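**Q** Structure provided below as structure tokens; questions to follow.
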């Protein structure tokens, strides 16, 4: 959008000059934004260039599969999709348990392109969705920051966000996850909130609810919005900034937003039933009370008002108490006190590791370390405080929001690595403000002290021109401070208001600017540029080296060139083509999504960890001795067992390293699995010192079966040790496939033997009469034929 | 064990044949074959038979048709029949290919199938000529045992007749069978039979009446992998901007003895000569020269194990499947490449253009059960017609690609049971006006133009209600 035109009559000589300058500025800003978009898109393509156009990691494979289903079967089938290829034998209602925003977005893009006869595959669209939306996100950042501190800060913030490593890590091409579109939705919702707050326009308030709806569709992180905005509203009320604009910005959002959010199947009545949303309703009530108080204040005399206040406060308090009591009663009646596990672990960082091993076992749910801050936001960490200070001078509704946003997101990012992603945009916005303000100050002081301009006549001209430039920057600010009550500016009615401002403002500016000496401002400017350059270098490095590995194909550089480890896909391709289409494959839940998407086989558990007992059953099987494991798997109708083993090539995130989590999760439900049995003096080891339980469990056996024959010693390159038990045979499983680098090994359950059938029955009834009986029958997963 | 029983059965069969032939009155008896030599090559999984026939016209009328006979079990697996005749004298001999067509005869004994060779010049009475016949069988080696473990070698049966099945009297004949190794488990003897090294000789047999048949069964080791492409879809897309894009979708299966039981990687890696000898490790595709942008992938992404070697004559693409294929294992993959258009597209005299491209599968030594070739002509092409050297099923389709409005005409050709010798060229003729090349750029340009006009118009209209 072009900058607002400057009024004409006052300075006729400067008119053409200024108009040109502003038009040029608008076009320049537009092109800068375009380039920022292109950069945001292209910096995320390293993964395609260095590897290939492929879906990354684990969750994206599920989203990809859902999108494929959507593209093939249409939207109605999608809502009713019951997926029987996962969580066997329970299945999963995909349509009702998935955040559909990402899938619908990619599906719509695909449908649109195909209706233009552009034959892109669903995969291609999915791969490039995240980069496209990060370009959108940087534009949204521009809009948001522009609302807060003007165009310059907006452009800087957009440029910073386009390449912030934290966001890149979740949105490289191929990283087809909810966060890819959710960050855009988050920033855009905030922008519309601020825009509404600045203009008081109901139009923007409605848009805001729709943007909020899109965010709810996209990501569970929408609760951040629905808690942050009420906090800001409360802050405004407390600091005496209540206005009709605030009311317009908030009330429609709560009403419309909640109604819309309840339309999303996965949220449904949670939008009014869980505690994550209660803060917004509470603030909604408070807002009305305050609005009422202001209204009364306006109509009554001060004396009458005092009387009314006491009346209203007492009645209001009573009503509030009643409502709160009802709410608390509602909340208390639900089992988790209305809070979901993930949210609780947000409030109490130690909650997850204490009570829910399945949440704690995910690395992205751990608290981050200090280096990860430097890695993920780099120099922004230093600029953020400066930005916060800049937000305070002067403090407006919008800038107070930014301060609140950054404070909240710093806390949340400290709890969970994953929420760095929410922190990154806030850091970019504040740093953008800081950088742009610093540049403003330095360039202005240089401009004033350059000898060429400092002669008397030109000072005036320079002053006015800079002032008008300033005015242009501040246009939004002035608008919001002055015409807010009138609002709804049509494009042409904007012009009048800006005339008074420049002259008075220019003098104040001049005084402040003259304080900085020339040389120091030049040096600081250079240093700032250096800082920016450092940031760019770091971001490009992070995008190219750290965050673009797709993790399903690994590479390593050695003296004889690049070596590719494509074992995962080798195994999945084998499963896909050489097993029966209805065979069930058991593996640890990490590989569930990939197995269903790439191998198209039914899995027992997957990355959607909704049923802890089911996961615990698989964990128990993996940590049991062979025979017991066979019985568990057989009762689940499993045909193949897949394990990931990195010992031959030194791939560290394999199943042996994850094994303790299987023990913990299994032991949490089936108490006969005890973690100490697998540890020797508190240490986890697989060498000859390991405990017999460890050396006899299924996971150990499946990983190290015939491993000793590779080098004669059985040296595990991940654990850097020789394995404890080298020669053993499998009696209930047989190896059917091992990939080239041994990273994936697939075993088949041997069929039950006819002759000893009576015997197995007996032993089974014996085991079930012991400790595990209650659990297995309680979960209802026992083979019904026994 | 089984062979003698079978031999007895077939003996009965033979007797029946002979009886049948005696009481049969045929117009064909005026031809006779004075000498026949047959060489059966069993080294790969495609059985190649070279038959040299010396045909004599003993009758009184000249004839221009000669019949070849095949048992019904073989004709189902018959991929191709070629007949060559030498022309010229002494040094200046050239081979001329003769027309061969399947023929139905009303009174064929026991479902015998025939092919008719049409001679260019009729064979006069008393004259004789030499015919070189080459025919290939697919799926004719039956693995026995049908399932083998990883370290076992693959043994197969081959069934044929020691005597050449022919509607004519054969004065003298001999059959040579070449096996891939000296390891032959068993073979039927029809005296005189000799075996030396990798070659077996049946015959010479003299003065055999028409329709003589003497079944033989050879059980031998064939450790070569049996790459069978169950289905291949080749899409050739012509772009008049200078590129020919070929996309080939394969469903590959190892057609040998099925793999049984475990697959142990440690054995496969440490003893490659003993373990999995018949496994399919890599395939070689011979692509045209000047090939570019080659890719090799499947539905879950790129397959990194491939090598491309190019020189001015040809390009060779060596591809490894994601995993070694054992008997019965399947895989699917896609190969795609671009080619410069001027090497394959020509203008014919009548102002039409034609594409000249190879028909079959570029993989070497591979059987294709079903091949579909789709030639996607540029949008706006008219009157397509295809010329193929052998009979194929044809029909037309329409495909929509980048920004198409009316769609592109696709010439679809289908053929079953192909062998590498089907890699001959085919032509697709069509008419095309170069102006159609500009349709899509113009469409895009006008769309953008309209968009910008709309933008300009919007910026100049004040849509606000309140002034």
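Cβ coordinates are placed from backbone N, Cα and C, and glycine is handled just like the others.
When I checked TrEMBL for this same protein, it listed these features:
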type	residues	note
COMPBIAS	A:462-471	compositional bias 'Low complexity'
COMPBIAS	A:476-486	compositional bias 'Basic and acidic residues'
COMPBIAS	A:496-506	compositional bias 'Basic and acidic residues'
COMPBIAS	A:755-765	compositional bias 'Basic residues'
DOMAIN	A:27-429	domain 'Oligosaccharyl transferase STT3 N-terminal'
DOMAIN	A:582-641	domain 'STT3/PglB/AglB core'
REGION	A:461-506	region 'Disordered'
REGION	A:755-786	region 'Disordered'
TRANSMEM	A:23-43	transmembrane segment
TRANSMEM	A:93-113	transmembrane segment
TRANSMEM	A:125-144	transmembrane segment
TRANSMEM	A:150-168	transmembrane segment
TRANSMEM	A:180-205	transmembrane segment
TRANSMEM	A:211-235	transmembrane segment
TRANSMEM	A:247-272	transmembrane segment
TRANSMEM	A:278-296	transmembrane segment
TRANSMEM	A:308-332	transmembrane segment
TRANSMEM	A:373-392	transmembrane segment
TRANSMEM	A:399-417	transmembrane segment
TRANSMEM	A:513-537	transmembrane segment
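Quick one: how deep are these features, and who are their neighbours?
**A** Here the domain 'Oligosaccharyl transferase STT3 N-terminal' (A:27-429) returns a mean pLDDT of 87 for the predicted model.
Outside the transmembrane segment (A:23-43) by six or more residues, the chain places 1-3, 131-132, 134-139, 142, 151, 155, 158-159, 161-163, 168, 469, 472, 539-540, 543 with a CB less than 8 A from a CB of the stretch.
When Cβ-Cβ distances below 8 Å are used as the criterion, the transmembrane segment (A:150-168) is approached by residues 3, 25, 29, 32-33, 36-37, 39-40, 43-44, 134-135, 137-139, 141-144, 183, 375-378, 380, 420-421, 423-425, 427-429, 431-433, 435-437, 439-440, 472-477, 535-536, 538-540, 542-543, 546-547 of the same chain, each at least six residues removed from its ends.
Beyond the ends of the transmembrane segment (A:211-235), by six or more residues, the same chain brings 99-102, 104-105, 178-179, 181-182, 185-186, 188-190, 192-193, 246, 249-250, 253, 257, 260-261, 263-264, 267, 271, 276-277, 279-280, 282-284, 286-287, 342-343, 400-401, 404-405, 408-409, 412, 419, 422 to within a C-beta distance below 8 angstroms of the stretch.
Residues 79, 95-100, 193, 196-197, 200-202, 205-206, 208-210, 212-213, 216-217, 222, 226, 229-230, 233, 280-281, 283-284, 287-288, 291 of the same chain lie 6+ residues outside the transmembrane segment (A:247-272) yet bring a C-beta within less than 8 angstroms of a C-beta in it.
Cβ atoms under 8 Å from those of the transmembrane segment (A:278-296) belong to residues 226-227, 229-231, 233-234, 237, 242, 246-247, 250-251, 254, 258, 272, 305, 308-309, 312, 316, 320, 323-324, 327, 331, 338 of the same chain, restricted to positions at least 6 beyond its ends.
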**Q** For the transmembrane segment (A:180-205), find every same-chain residue at least 6 residues outside the stretch whose CB is under 8 Å from a CB in it, and list them.
**A** 101-102, 105, 129-130, 133-134, 136-137, 140-141, 143-144, 147-148, 167, 170-171, 211-212, 214-215, 218-219, 221-222, 224-225, 229, 243-246, 248-249, 252-253, 397-398, 401, 405, 421-422, 425, 476, 479-480, 484-485, 487-488
**Q** If we skip the immediate neighbours and take only residues 6+ beyond the ends of the transmembrane segment (A:513-537), which ones have a Cβ under 8 Å from one of its Cβ atoms?
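**A** For the transmembrane segment (A:513-537), the far contacts come to 160, 163, 378-380, 383, 435, 438-439, 441-446, 448-450.
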**Q** Which of A:93-113, A:125-144, A:308-332, A:373-392 has the most Cβ pairs closer than 8 Å to the transmembrane segment (A:399-417)?
**A** A:373-392
**Q** Using a Cβ cut-off under 8 Å, which residues of the same chain at least 6 positions beyond either end of the transmembrane segment (A:125-144) come close to it?
**A** 33, 36-38, 40-42, 44-45, 48, 53-55, 60, 63-64, 67, 102, 105-106, 109-110, 113, 154-155, 157-159, 161-162, 167-168, 170-177, 180-181, 183-184, 187-188, 190-191, 194-195, 425, 428-429, 432
**Q** What does DSSP give as the helix, strand and coil breakdown of the domain 'STT3/PglB/AglB core' (A:582-641)?
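**A** The composition, in the requested order, is 33 helix, 8 strand, 19 coil.
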